[in-house]
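Reading through the C-alpha cells given below for one structure.
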Amino acid sequence: MCGILAVLGVGDVSLAKRSRIIELSRRLRHRGPDWSGIHSFEDCYLAHQRLAIVDPTSGDQPLYNEDKTVVVTVNGEIYNHEELKAKLKSHQFQTGSDCEVIAHLYEEYGEEFVDMLDGMFSFVLLDTRDKSFIAARDAIGICPLYMGWGLDGSVWFSSEMKALSDDCERFISFPPGHLYSSKAGGLRRWYNPPWFSESIPSTPYDPLLIRESFEKAVIKRLMTDVPFGVLLSGGLDSSLVASVVSRHLAETKVARQWGNQLHTFCIGLKGSPDLKAAKEVADYLGTVHHELHFTVQEGIDALEEVIYHIETYDVTTIRASTPMFLMSRKIKSLGVKMVLSGEGSDEIFGGYLYFHKAPNKKELHEETCRKIKALHLYDCLRANKATSAWGLEARVPFLDKSFINVAMDLDPECKMIRRDLGRIEKWVLRNAFDDEEKPYLPKHILYRQKEQFSDGVGYSWIDGLKDHANAHVLDSMMTNASFVYPDNTPTTKEAYYYRTVFEKFYPKNAARLTVPGGPSVACSTAKAVEWDAAWSKLLDPSGRAALGVHDAAYEEKAPASVDPVVDNVSRSPAHDVKRLKTAVSAAAV
C-alpha cells in the first residue's frame, strides 16, 4: 500500500504551503516507506509515499502521460494492467508500474474509464490542460480514501484521515465504487453490479464455477516483484487462499524471482484455536510457516497506536486490528512486503454465525448485500490500515469483482444454513473445494466452524480487553456517556475507552462521523439483530454471542450490557460474561 495526498485549489501558493503539504504527506510515510514524491501545478499539489511492490526501480510517483499534462497519484494495484496496455498501443509508457495505465486510459477514454480497472485502488488525477481533476475509489473500498474541504475553497484527498483532519473544515470517508469529478462538481457511482439493487438472484449453484472463479482471483494477485506470503489463521477462508497459492505458485513469475516455497503467517495467544489449526494446514500444504505469539498485555500496550493508525473507535475492528497490527510488524521485519488474506468471504457467503438464524433466503441475501456495502468501514479498513501501519500490503482475493459477481448471482437458497441437510455456514464454498481426488484441505479444516479473528487468536484476548476497560472507565463516566458523546454513544466500558483514545487523536466532529454505529451481534448489521429476540439481551460483536450456535458461546444469562457484535458498537467487562459453555471446538477464518 502507498499513501496519497492531493490538495487542489489552495488559496496560498507560497513555499510555506508546499512545505505544509509535504509535512502532512509524511504522516502517511508508514504506508509507503520506499520513496516520496510531489508534483505541484499552480494551486494544485499531488503527493505520494510509495511502497514499491511492482517495478520497484522505476515506478516512483506521481505518474504522468507522455507530455506530463496528466498527473496521477495512486494507491493500489491494477491486476489487468497488461491487458489494458495492449489496448493503448499508440501510447508510450515510461515505467513498468501497473498504475501508469490510469493516466493513459484517461487520455483515451476520458472520465469513463474507471470500470475498466480490475484491482484495488484509490487515486487522484489532475489534467493540467484545464485544471480539472477526478478522484476514484475501488468497487468495495479495499483501499482507503478520505475527502475534505478547506476554508480557502480547496479540495483535499488523502489515504488516511490523519493527513487532512487538521487542515480541513469538513471531511468524509470517500464512498467506495464512486468517482468525484471537478467538472461535474460532485460524486457519482461508477460501480453498478447486478447485486447492488439487492434483488433476489436465481442462478443455480455451480461448485466448479465457484472454484474456478476463486482460483483466478487468487492467481491474479500473485503479481509482485517482491517477497510475499499468506496470512493463515487455520480457518476456511485463509486456508483456501493458502491452498490455491500453493497449487499455482510454481507456474508464476514470482516463483522464478523468489522461489516456489510459500511462506505463511499466523498470530495468537499461546494455545489459541487459530495457532493449532494454522499449523495443521501449513504442515498439510508444506509451507514455511511462521507462528507468532503475543500476550494480552502486549496487545493492550499497543491499543493507542492501533487506534491512531486504523482511525476508528468501532469495538470489533479494534479487537481484530490489534493482533493483525502486531503480526504485520513481525512479518515486515522478515523482509516480506505483501500478503494475501481471506477477508470478504463471510460477507459474500453469509459465513458469520448469526446467519444460522436467517429466516429466509431473501433476508439472507439482503444482509449479505448490506455487509459487502459496509466492508470499507470494517474489515477492509482493518486489513488495510493494520498492515499498512508497517509498510505491508494486504490483498484480498475474495473481493475480486468477477468473483463477487459470480457468488452474489447465486440463488441465495444454497447459502441458507440447513442443519437438516448437513449444511453449515459457507457450505457452498466448502463444497466447491471438497475434492476427494485431489483434496485442497483436510476435511475437518474444510468444515471447521467459523471463528472470528478476534476470537480465534485466543478467547482471553477479548476478556482481557474488557477487564482493562473496566479498570479505567468509571461507572459515573458511563452514566454521563450520552452527554459526553451524543453521537454513537458508547454503551459499554470497552467502547467508552476506545472512544476516549480516538478523540484524543481525532477530536473533530467530522472525524467521529466517519465511524458508523448501531447494535450488532456477532458482526451482524442492526437489521439482522431482529432475527432472534434473545440477541437484544447480548449485543456483543464476538462470535461467541451467537447463542446456541457457537461451540463456545457465552452463557445465555449474560447481562445485556455486554457489547455489539459486528460492525461498530460497544462491549462490557469480562467478569460480566460467564466463561465458556463448552470446551472449544475450533472455528474458521
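Positions of Cβ are set from backbone N, Cα and C atoms, glycine also.
Here TrEMBL flags Cys2 as active site, for GATase activity. For Cys2 (active site, for GATase activity), applying a Cβ distance below 8 Å and a minimum sequence separation of six or more within one chain yields Arg31, Gly32, His48, Gln49, Arg50, Leu51, Gln61, Val74, Asn75, Gly76, Ser159.
TrEMBL lists 2-185 with the feature domain 'Glutamine amidotransferase type-2'.
The L-glutamine binding site annotation in TrEMBL covers Asp98.
The Cβ of Ser341 (ATP binding site) has 26 other Cβ atoms within 10 Å, all protein chains considered. Per TrEMBL, the feature ATP binding site maps to Leu231, Ile267, Ser341, Gly342.
TrEMBL lists Glu343 with the feature site 'Important for beta-aspartyl-AMP intermediate formation'. Spatially close to Glu343 (site 'Important for beta-aspartyl-AMP intermediate formation') yet at least six residues away along the chain are Asp237, Leu375, Asp379, Cys380, Ala383, Ala394, Val396, Phe398, Leu399, judged by Cβ distances under 8 angstroms.
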- Item | Rounded to the nearest Å - Cα separation of Ile267 (ATP binding site) and Asp98 (L-glutamine binding site) | 32
- Any same-chain residues 6+ apart from Leu231 (ATP binding site) with CB under 8 Å of its CB? Would you list them in sequence order, or say none? Ser238, Thr264, Phe265, Cys266, Met327, Val339, Leu340, Ser341, Gly342, Ala394
- For Asp98 (L-glutamine binding site), which residues of its chain lie six or more apart in sequence with Cβ-Cβ distance below 8 Å? Val54, Asp55, Glu77, Ile78, Tyr79, His81, Gly119, Met223
